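Listed features, source TrEMBL:
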DOMAIN    A:27-57  domain '4Fe-4S ferredoxin-type'
REGION    A:108-148  region 'Disordered'
COMPBIAS  A:112-128  compositional bias 'Low complexity'
DOMAIN    A:153-184  domain '4Fe-4S ferredoxin-type'
DOMAIN    A:185-214  domain '4Fe-4S ferredoxin-type'
REGION    A:215-246  region 'Disordered'
COMPBIAS  A:236-246  compositional bias 'Polar residues'
TRANSMEM  A:358-375  transmembrane segment
Amino acid sequence: MGFWRNQLSGPTDPAADAAWDRHEPRKGFFTDTSICIGCKACEVACKEWNHVPEDGLDLLSQSYDNTGALGASTWRHVAFVEQSSERIEQARESGRRLVQLGMPSVRTGGEPALAGGSTATATLAPPGDVRPGDVRPGAGAGPGPTDQAVPDLRWLMASDVCKHCTHAACLDVCPTGSLFRTEFGTVVVQDDVCNGCGYCVAACPFGVIERRRGDEGHEKTGQSHGISIAGAPGTGSHQNPPSYAASNGEVKNVGIAQKCTLCYDRLGAGQTPACAQACPTTSIKFGDLDEMRATARARVAELHELGYPEARLYGVDDHDGVGGTGSTFLLLDEPEVYGLPPDPRVTTADLPDMFRKAGYAGLTMLGLAAAAFVGRRR
Amino acid sequence: MTVNPFDADRPPERVRRGNGERKRNGQNGARRRDESLMVPDVSFDSYYGRHIVKPAPWEKEIAAYLFLGGVAGGSALLAAGGRALGYPALQRVGRVAAMGAAALGGAALAKDLGKPSRALNMMRTVKLTSPMSVGSWILTAFSGFSGLALASEVATAIAGRSDGGTGGGSAVARVARVLDLVDGPATVGSALFAPPLAAYTAVLLADTATPTWHESYRELPFVFVSSANLAAAGLALVAVPTAQNGPARRLAAVSAVTETLAFERMQDKLGPTLSEPLRTGKAGRLLRASKALTIGGAVGSVVLGRNRVAAALSGLALMAGSACLRFGVFEAGTASAIDPKYTVEPQRERLERRRAAGVVDDSITTAR
């Protein structure tokens, strides 16, 4: 019974639940957005290694982000947000609130707050070093309880990726068994099995996985990349009209759901995923999930020490709606600012109740039909 | 509002930020203000207005399948009832409709796939966590039983006609006799798989991250099975002579009441934000049309159902009402996925509610 309890929600070891007997440690990313410089080397490295096709050469009027969003042909996406001092102060305020929330020690079974503080702090730099316009106080102001001065402007840059959830909705709802859980606890699509039903696309609470089209990503086509972009409908010059990609035979897996594999092929050979390998500032870190989470916790504590209360972690908690994620993030504002859901919940957590309600509805239908045949014969 | 001496110490009430959208909640403004004293205000942010969850990449075929699956399920029940209680015309029409709609629906599903040539991959596993896998097997079983029942119907009709006076030794007559043996089990099987066929599509939509679909999972199956009954009753009213349309008329009446009640309850439970996609835009128009057609058709069939023409017109209205409902719910879900408001606001609200209640260990965002 214990085995079944956490199959749809709650903390669990997904690789063991998927009946892997060879036990690899669960792998994951830690993306520290405070040291991201927005170079997009991760996007490029991912495309190169995984043969992900071009998906639109459009200007989106979204700061320096012309990629748009994660999708079938975008497995790493660097978000750019420009913020004024007022918005930064709001981010600080929400960060302070978050810190205070945790003060009463409600969690009982948890780890100490700064567990693993010994790991990986050596390579870390304070975020102010890479943010333009950041007004740093004099050199004398070392780490302390007081907050850093609020700059006039800052750029948030964050490299988003598939979360490789503990309870992955895409995997749960896949009707063909194309999506599977690897021995590293990650979630991968078998492109020779997927029949393109699109159920995983609707099920993902983060909007990561998508069905690939031949004319992918162009703002004119009206696929997800093209929805609700103000001021840029079809004005960009398309070097590749939709027919180009479809006819030159280079786009593979058209009609099939695609997403980050956490470089399953490289993992099997003991290699680091392409994006983490290419990241020049170590913003994208890769390793055993436990280690990644410890690094994340140490880093957020360090940033709070340095006077950046807006720093917060995303995805390190096993008790959240998806049972914790394989990709964790350090953010400097609320998740929705980066296009991440603030309280995602795996849809299949409610599945037993859904089937129960459907069962009652089925009985109702039988009852209605029976009632129709009661009464006078004519 | 009461006044007491401590009111002077109360901080000024916060002015709601955000767009005019929120001010519409006039009817429960009082309740919301009380809440704001405990739960901090929810403001809505997004990344350049982009959607967070992706809309299902499904086209009109899937909405059409929702309708066709309903027609198939409801017709199978009418056919079974007709066979048991002696309505031969109802039995015949029900069997043809069940198999025809199931076949059309299956074709629509296959057409919508990204790789239609791999449609049979649906059959390579049985997966209880996937309503689509469960549904594929339900549709397969239903089609098998309904096909047998239809074959028996056709064979009996042919054998009966050619039987004339020759005694029935022909091959057709032998086949008809064999099929006659399986007629009963096929009818029962078809009727048993009919309610799951009509109800699972609601789970199919609800088991997604699409906000309006997911949050309506408690009531949507009841809406869908009623709609299935209505569509099947409508088809029977069109195709069955008035002497045998009594069950279809009564089915239309009780199902219209059930559907209306279930739909109202669904809207209430969704709350003002998440029910907005059901009330506005294209989906809102379709659903309002559905309501008018359903009520009109049901009243017409009950009052004027003994008139052949009026019965047929009522039947058409009922079918159109059911189709509008399916397309409306389908559109509403897509709209709720595309606007990030429907993803962020309800999630923020439930997160703040939990935090206000003292639960701080289940958030995806943490300070340490």
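Cβ coordinates are placed from backbone N, Cα and C, and glycine is handled just like the others.
Source: prediction; values computed, not measured.
For the domain '4Fe-4S ferredoxin-type' (A:27-57), residue counts in helix, strand and coil come to 13 helix, 6 strand, 12 coil, using DSSP. With DSSP states grouped into helix (H, G, I), strand (E, B) and coil, the domain '4Fe-4S ferredoxin-type' (A:153-184) comes out at 5 helix, 12 strand, 15 coil.
Mean pLDDT, taken over the domain '4Fe-4S ferredoxin-type' (A:153-184), works out to 96 on the 0 to 100 scale. Cβ atoms under 8 Å from those of the domain '4Fe-4S ferredoxin-type' (A:27-57) belong to residues 64, 66-68, 71-78, 80, 124-127, 129-130, 155-161, 164, 184-186, 212, 216-219, 225, 236, 238-240, 245, 250-252, 258, 260-263, 266-267, 273-289, 292-293, 295-296, 299, 303, 308, 311, 325-332, 338 of the same chain, restricted to positions at least 6 beyond its ends.
With helix defined as DSSP H, G or I and strand as E or B, the domain '4Fe-4S ferredoxin-type' (A:185-214) counts 5 helix, 5 strand, 20 coil.
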